[in-house]
């Protein structure tokens, strides 16, 4: 696996013109792998810091003396801000470069968690959520960067490994946060530590060997990638470079608006079904998790502490599922569409089993398999978006996908509250119905791309 790195020119060696590429291939492969590992570390630290704080937010805002209604409105502000900022920030990263946008997002997110560490009233708490809600797109930009670095066949595997590294951080973070919150002023200490983790992440991004891997210091490709096995495919990157070079004289905000305009027809003509499917499956899974603790207590008299162990167990399995993405894709001959379809079918069936079972053993069984199906589904839906939308605007495509997820975060709590009035099994049952609709949409609107994802969807 290697990035698109240009060969160094030979000087006084009398070598053939193609020799520099061959000579630098092993070193560029090592450099590429090191670059990817550093990005995995960035993803790990990101979710490690976030997951220390997020489980404590509801407890903290309630401790400030606000009503449950106000606490709910404040809590939903993050999803609303993410809804409006995801597409813009993703498009902005396509224009100004991954490095610059990633650094800005990490630093302003750190500012948000710093303010959170000083939030002694609900006004400061709400103010602290604004920079995080607008700029906490570090994982999205990292995924867009990964999609720029590798071939289409390698992309699902690399994204799966990145999700695995991030997932490990999400497992460890709550443990550290739970320990720190037992201390006097534990929430504030945890928020300050989270801010420090983000500052450390900014330092890592700053020190990444961008130039050594064919990138300028603003995170844009400086040269056309080598067309050889294990390198970035030339077509999309060449298109991206050409588009950017044509717009270098434009102001940044003009470039952003032009990029958004370029993507408009593609999003609404070629990707509407992909985004709708992402929304439906996202809401379905969120409904499953929305009342998981309460439902097990009402249905099986399971104490929340035991449910917490079950959640940690499934989170760990979900992280391990990232390692299964590569073998599964090889089994399916790199047909991400079929992998996604089958994972959605499995998710739908497991939601039905969970909603109708009277056995705690079946709950554990369904939760175990759900951790695998949802992890694989998340990786494949991102890959499908990029395959259909094109790599030349990967940041924008991923940003729109995050906006769709933000809509799900707004809708899921409302739907869950209504469904739970009917039955404790109402939310997961509704989730199974939504998953079934997503499967029907996939079946009726199969994107015309090849199994290896190399053919782009033709513009309508």
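Even glycines carry a Cβ here, placed using N, Cα and C.
Below 8 angstroms of C-beta separation, residues 1, 3, 75, 113, 116, 136, 138-139, 142, 145-146, 149, 158, 161-163, 165-174, 176-178, 180-181, 187, 190-191, 193-194, 197-198, 200-201, 204-205, 208-209, 212-213 of the same chain, each at least six residues beyond the ends of the transmembrane segment (35-57), sit close to that stretch. Here TrEMBL flags 35-57 (among others) as transmembrane segment.
Residues annotated as domain 'Major facilitator superfamily (MFS) profile' in TrEMBL: 35-450. Summarised as a single figure, the pLDDT of the domain 'Major facilitator superfamily (MFS) profile' (35-450) averages 79.
Annotation source TrEMBL lists transmembrane segment at 69-93 (among others).
Per TrEMBL, transmembrane segment is recorded for 100-116 (among others).
According to TrEMBL, the transmembrane segment annotation covers 158-180 (among others).
The transmembrane segment annotation in TrEMBL covers 186-208 (among others).
Residues annotated as transmembrane segment in TrEMBL: 266-289 (among others).
The annotation transmembrane segment is assigned in TrEMBL to 309-332 (among others).
Marked as transmembrane segment by TrEMBL: 344-365 (among others).
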- Message: With Cβ-Cβ distances below 8 Å as the criterion, list the same-chain residues six or more beyond the ends of the transmembrane segment (186-208) that contact it, or say none.
- Response: 35, 38-39, 41-42, 45-46, 48-50, 52-53, 56, 59-60, 99, 102-103, 106-107, 109-111, 113-114, 116-119, 138, 176-177, 180
- Query: At an 8 Å Cβ cut-off, counting only pairs 6 or more apart in sequence, do the transmembrane segment (158-180) and the transmembrane segment (309-332) clear the bar of 3 or more pairs?
  - Reply: yes
- Tertiary contacts of the transmembrane segment (100-116), as residues 6+ beyond its ends and Cβ separation under 8 Å: 49, 53, 89, 92-93, 124-125, 127-138, 141-142, 145, 191-192, 194-195, 198-199, 201-202, 205-206, 218-219, 395
